[in-house]
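Novice: Structure provided below as structure tokens; questions to follow.
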Amino acid sequence: RGKGTGEGSPSILQMARAERLAKGDDGVDRAIAKRIARNPGLAGDIERLADEAEQLVEKADRADNTGYRADGRLTAGCQLCFQTDASSQAVTPPSCPVVALGAHTYLALPPGAPLTPGHCLLVPLEHIAGSSLGCSEMAWDELTNFFKTLTHMFDARGLRPVFFETVLDARANGRARHCVIECIPVPSDVAAGSAAYFRQALLDVADEWSTHRKVIDTRVKVVDGKRKGGFRGSMSKRVPYFHVWLDVHGGLGHVIEEPKRFPRNLGREVVAGMLDLPPSAARSPRPASESQDQRVDRATQWKDTFGWAAHDWTAALDG
């Protein structure tokens, strides 16, 4: 798994899954994603998961698939979209290194220079306009899997990932940018202060006369024995926002009332400040000019450096 073809194209397994999605065969992937999401330990027992995959193949129904579908006119220039040739149905990968491919989401590396060596992106396959809150339940199952596995992987190396999302355009007509959640690992002792850093940053950028709370605590709370809150229960996909996760369920959010004035790179700027990096390090770098071979090599190097194979829950989907 993870090896490209001779021309450096995406792995055959990745291409096959993309083709399977286009044909609507997502029942197995959905069931596996839900089962993995319910595994609190995420021990990575890939052989057992592969066996379950075979059993689920036999039981899978022919559910209609709504994933991996986008209007070509809106996504043709999107560097995060998989492009499908209308005549040959050949799939072209995004212009960023793809590390792992799920049924509804994928893990990739930034198209430009990373802020830290482990910097990566969580991206829905479908061109979800603006906000991850527009993702399907199946996509959220997979995003949660990535949250958990990346946290386990970086924790084993004394790091803690900081996940955040910036939504400057919440239009639901598909014209907003492809939504993406950034993941930047930092030393665990530094990450311990991330809540204070981000809270202060959000207070600093908030308008004095804001009609919303300047900082929204989206962490899950137990009230009268019931769990309430969480990111998905606290923020709205109808308005622009910034959100940083302090755990897999929630963290701190901020409604962006004036998107044109909001610092586009706030998340990176805060992390750069936590690491005592110069402000210039947080600027969005120009996408690297690299061939598909080079993208595959960069993804392979990332996987080898951080031991992704031991945490790759998507490997079970190729069983």
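Note that Cβ sites are derived from N, Cα and C of the backbone, with glycine treated the same way.
Given the structure is predicted, the values throughout are model-derived calculations rather than measurements.
Straight from TrEMBL, here's the annotation block:
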type     : residues : note
COMPBIAS : 278-289  : compositional bias 'Low complexity'
DOMAIN   : 77-199   : domain 'Cwf19-like C-terminal'
DOMAIN   : 208-314  : domain 'Cwf19-like protein C-terminal'
REGION   : 277-297  : region 'Disordered'
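Give me the lay of the land around each of these features.
Specialist: Counted with DSSP, the compositional bias 'Low complexity' (278-289) comes out as 4 helix, 0 strand, 8 coil.
Helix, strand and coil residue tallies for the domain 'Cwf19-like C-terminal' (77-199), in that order: 32 helix, 35 strand, 56 coil [DSSP].
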Novice: Determine how many residues of the domain 'Cwf19-like protein C-terminal' (208-314) DSSP places in helix, in strand and in coil.
Specialist: 37 helix, 18 strand, 52 coil
